[in-house]
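Per TrEMBL, the features are as follows:
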- 31-45: compositional bias 'Basic and acidic residues' (COMPBIAS)
- 52-74: compositional bias 'Basic and acidic residues' (COMPBIAS)
- 90-119: domain 'C3H1-type' (DOMAIN)
- 132-157: domain 'C3H1-type' (DOMAIN)
- 25-88: region 'Disordered' (REGION)
- 207-237: region 'Disordered' (REGION)
- 90-119: zinc finger (ZN_FING)
- 132-157: zinc finger (ZN_FING)
Amino acid sequence: MEKGAEAICHVFITTKEKFHGFVDSEWQGSKGEKARDNGTAEEAKATCVEEPEVKKFKPDTEEGNKAGKPDSKRLRGQNKSRPHKKPTTYDEKRLCLSVIQENRECPFGDKCYFYHDIAEYMASKPADIGESCYLYDTFGKCPFGLCCRFAKAHTTPDFKTMENTDLVKAREGKIPVKNSLSKDLQYRLRKHSVAFEKSAEYLKTLSNNRDKKEQQGNGKSAQVLPSSTDKQPPVKTVGPLTDADVIKLRPCEKKQVDFRDKLYLAPLTTCGNLPFRRVCKRLGVDITCGEMAMCTNLLQGQQSEWALLKRHESEDLFGVQVEGCFPDTMTRCAELINNNTEVDFVDINSGCPIDLVYKKGGGCGLMTRTRKFEQIIKGMDYVLDVPLTVKIRTGVQEKSNMAHKLIPEMKNWGVSMITLHGRSREQRYTKLADWDYITTCSKLAGPIPLFGNGDILSYEDAMKAKETGVAGIMIARGALIKPWIFTEIKESRHWDISSGERLDILRDFSNFGLEHWGSDTRGVEKTRTFMLEWLSFMCRYIPVGLLERVPQKINERPPYYMGRNYLESLMASQNVGDWVRISEMLLGPVPKNFNFLPKHKANSYK
């Protein structure tokens, strides 16, 4: 066994050559008939697709690999030069919107680039992926109509789209996804016509107190926030003056959220999308949070950034995470979120380690700019009607912890909950999280709840973490490797999950992805891309029944091993081509010009 590799029963251990030889030969020989260990031949045949071109990684060093020597250099950071194709690339020519919308006249006439002949479009369209459409079966109507990659399920022979009126009526009035950016708000943000009244009040106090603070020479002096009761009502009232006219929300009357003893899914860039959070909700997570959003992009009305704030109806305790480095933009962003979205809390990201954010003074950089950090927290707390939380690291340098100095200060600034990742920015993931330091900080944080984060991959890890006295635990990579970890923690057991059950979880993700991103070619390929990013983490999971010692450790990489059936072996593959094969079982064959490389180099095992 190599150093740093997980201990697996020797009967399952194999070599890289034997592993890939088995996976490739079985796929070619069976044509997917072994796709499910407990499935029928018909089910396997339905998911059978042509084998994609096997994608192998190029060696990092030509000389070392020519000599047959393994490259000892560890893969770190991001694949910044990876192929980045837009979903539009895979949909060469679409049906014109005028045809989709009940044959209205096309404003572009003969110059229109898209199809107007439905029969011609259907002949050129890629083959349907499956016989049933998840959107039609769930909502009674598929909004993508003839463009849907499952169109046969809801299309008549004369190319008319069918509807299930009973399901449509049952879902009428329900809004499954909230916090979408309206066209009106987007227009006003771009024209800078959105009023930020409370932010203006707070920022005015900063400018008024700046000279006073410089004279006092004390950066920790308390700021005098404007009192809402000292102002006259903003509009003239008719009739008797009521308390509601002059009294606004006081800090003690803000929405209260009980964070204690809950499982918190970390805000995960790229992989922590809405479909993935829905999967985790089914598997037992309590608190979910949107992906990190840049405050400046939100204030500019960028649709792609606002998409990160979307909330599904199943997310009963949901927050959004914002990143910024200046009090004015962060305060305005908080007021914008407070007035236009439905969230239970807002989180400040002061733990992001990437250079793009840190060098601007955001993320981890805020921990070293305490005066700006204080102004940001106080300003956001002033404009929000929901709790404000903060996520931090131990510090910036590896051997210079500073969270213990910040936490007592943040209690006075208005923070409702703190999450501490037990690593520094400099350290990244090279060493284990420092839970002894988290224990020290949790005692300093009281009575404010402090959540611990780092290296939790089993219920035993979670139990040890709770013994440190933290109010709760946040799980990040552990949820990507095995999202059923929330079930394991709540049931206090190791779940020897079968490969078929894992494929069902991926099937749920694909269905949720088609609902979120669309069931046309663009939506299918976008769902596939995010699924492949997730599979680059999921392949690290080792089934409980194969381990020589339980539980699996997050810092020990899996060696090459044979699973108990073909699908289990396929899911253990560290090769991109095999991840593509798994996606093809659920989303059909990849387009001819499809290419994928995972975001993180550490996920690109050789």
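Backbone N, Cα and C define each Cβ position, glycine as well.
DSSP states for the domain 'C3H1-type' (90-119), grouped as helix (H, G, I), strand (E, B) and coil, give 10 helix, 2 strand, 18 coil. Broken down with DSSP, the zinc finger (132-157) shows 13 helix, 1 strand, 12 coil. The average pLDDT computed for the zinc finger (90-119) is 81.
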